[in-house]
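S.K.: This is the structure, below, for whatever I ask next.
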């Protein structure tokens with residue numbers, strides 16, 4: 001059996017390139033022509049804000065392009081209390097206040113969680129003075145056990161010497 005040629009020949013490459021070119025040109029031809037925001041002036045806020053790049057000024061019923069180079073629209077363009085973007089029922093002042101309160105709440109929550117976790121982790125781990133006190137206590141306990149064992153062995157020797165050793169079963173004699 002002869003090995004099959006799996007590579008693309010120049011004929012197939014040209015055909016594939018032509019198909020891709022047709023698909024890309026067809027996709028770009030289907031886009032509707034972009035309508036400027038100013039065409040929605042003196043209409044409704046809903047019509048203006050269907051296009052996300054538009055800003056509605058409620059004061060003079062004007063629809064204009066959102067000034068993307070600036071974060072907030074300047075007062076010369078429209079007052080913040082009259083400016084609408086995204087939805088018609090929220091003005092920019094309310095949006096700014098709401099977003100700052102939510103952002104502050106999130107930051108405060110994260111800070112509280114971090115402080116709580118750090119404090120909890122710190123309280124779980126004994127500090128150096130606690131470790132030293134525990135070590136000293138353990139050393140005292142070990143010395144006490146050694147002294148106890150030493151005293152017991154001395155007492156047992158004395159009992160053995162004088163024949164006072166405790167028997168396993170005291171009723172064995174009878």
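First residue shown is number 1, and so on along the chain.
Even glycines carry a Cβ here, placed using N, Cα and C.
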S.K.: Match it up for me: which of 73-93, 94-114, 115-135 does Swiss-Prot list as transmembrane segment?
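M.R.: In Swiss-Prot, the transmembrane segment feature sits at 94-114.
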S.K.: Just give the helix, strand and coil counts over the compositional bias 'Basic and acidic residues' (126-155), going by DSSP.
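M.R.: Going through the compositional bias 'Basic and acidic residues' (126-155) residue by residue, I get 28 helix, 0 strand, 2 coil.
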